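Now, the feature entries from TrEMBL:
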DOMAIN    5-71  domain 'HMA'
DOMAIN    81-147  domain 'HMA'
TRANSMEM  171-190  transmembrane segment
TRANSMEM  228-249  transmembrane segment
TRANSMEM  261-287  transmembrane segment
TRANSMEM  457-479  transmembrane segment
TRANSMEM  500-523  transmembrane segment
Amino acid sequence: TKTISKCYVQVTGMTCASCVANIERNLRREDGIHSILVALMAGKAEVRYNPAVIHPSAIAELIRELGFGATVMENCGEGDGILELVVRGMTCASCIHKIESTLMKTNGVLYCSVALATNKAHIKYDPEIVGPRDVIQVIKDLGFTTSLVKKDRSASHLDHKQEIRQWKRSFVVSLVFCIPVMGLMIYMMVMDSQLSDAHAHHNMSSEEMEARHSSMVLEYQLLPGLSVMNFLSFLLCVPVQMFGGWYFYIQAYKALKHKTANMDVLIVLATSIAFVYSFVILLVAMAEKAKVNPVTFFDTPPMLFVFISLGRWLEHVAKGKTSEALARLISLQATEATIVTLGPDNVLLSEEQVDVELVQRGDIVRVIPGGKFPVDGRVIEGHSMVDESLITGEAMPVTKKPGNTVIAGSINQNGALLISATHVGADTTLSQIVKLVEEAQTSKAPIQQFADKLSGYFVPSIVAVSVVTLFAWIIIGFVDFEIVEKYFLGYNKSISAAEVIIRFAFQASITVLCIACPCSLGLA
């Protein structure tokens, strides 16, 4: 007997089915080549040849002569079929041994491992020799019941609905509380500028008196040291910190647990420090029964959360759009196939309905009018028109007669066809397209990887800068108080110099943290 080897050749430059036919037709004529199967989407040719007559490099050369690029693929494990089964009825280790040893003896099974705990069997096989149905039959003959691990056809991993919902909620909560905070802030600013104008002229008219009076309403102290303004800001800030920032806290905690620092860590740091600092300062002011209201940062967390949760929400909406296209593609796949057994002269002997995953290469599949083609294959018998618009975009049906190729997922229109399966499972054109789109989504652009790497250093360095700022200002303040006085406008002469310095230092360092958050949006 001739020994037959198998090799895989990566083929580039194929544009359509006629390229595939061209390569297959020309190579079949060559000496020593037993069979050839080309997959267009994967850009891969599987060649069975006689090593005594021809070498893989010569095969690649033949394809190159036809005007395509071709390289021999080294890792030939690509063509192995992988099967995941659920096996019921196993009781002990000897059952496992029985299944494994019997399967390994089966011709074409390359690897097999069975786990008793999960009831799962993982099998690698050569699709040229055996197929999933044969393997299942072997296990059934041993007295166990077995079924395929159900693939999730709904593609729920592509569904971003839940994330979209959660970020939208987060954004809305932050926004609802952010608007009043911003309103209060702008109002205070306007009033302050009017007051300073009035002070400059020393002659206050009645309107200015009123302006002063109304800004006093916000400055009015409910308790000594607690103004209406600060109290309202505090009330509005708490729900944002709790509900708006909930997801950020979870993400940040997870990141820190793995000893990494990401955007969320920065956001949480900035908002928490601003919140806690403001809260503590309020408590101190109340304890001191201060006459002048302290400067707080309650406006920072709501505004940060609004911008960032809006960003996240939009990002997930965009992701959802591309994933939707993928999910639609996946839904085009047929779920079942009708496999027929043919006798001499193509007489139908029997037919059975099986799961698409169980169709083996070389099976004869019957497709009725209006049915979807479950796998890629070649027509053996019958004439029909087929709608292949899902792949080609061509609205007109294409005529199919014996010898033509058909594509999985396309729709048979008016005649019943018998096809011989050539590409099954993950090798069908549709599966390959889905795989390509998935890969395109999961792979990162080089610039994105660079940004991710940067943000790894970005967070710690910002925190460091912020700490440096804090200590630098404390030192400057104690050495030369006048500099702080010059920059820290509007502080009250009644508080001690030390307190002024520390407050100013904190203000500066928190500002660094808060400003760096949107900056990482820039990185993104």
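FYI, residue positions are counted from 1 along the chain as it appears here.
The backbone N, Cα and C atoms fix where each Cβ goes, and this holds for glycine too.
Long-range Cβ contacts of the transmembrane segment (457-479) within its own chain (Cβ-Cβ under 8 Å, at least 6 residues beyond either end) map to 261-263, 265-266, 269, 497-498, 500-502, 504-506, 508-510, 512-513, 516, 520, 523.
Remote same-chain partners of the transmembrane segment (261-287), defined as residues 6 or more beyond its termini with a Cβ less than 8 Å from a stretch Cβ, comprise 223-226, 230, 234, 237, 241, 245, 248-249, 251-252, 255, 293-298, 300-301, 304-305, 308, 455-456, 458-460, 462-463, 503, 506, 510, 513-514, 516-517, 520, 524.
A Cβ distance under 8 Å defines the sequence-distant neighbours of the transmembrane segment (228-249), meaning residues of its chain 6+ beyond its ends; these are 166-167, 170-171, 173-174, 177-178, 180-181, 184, 188, 217-222, 264, 267-268, 271-272, 275, 278-279, 282, 293-294, 296, 298-299, 301-302, 305-306, 308-309. Averaged across the domain 'HMA' (5-71), pLDDT for the predicted model comes to 87.
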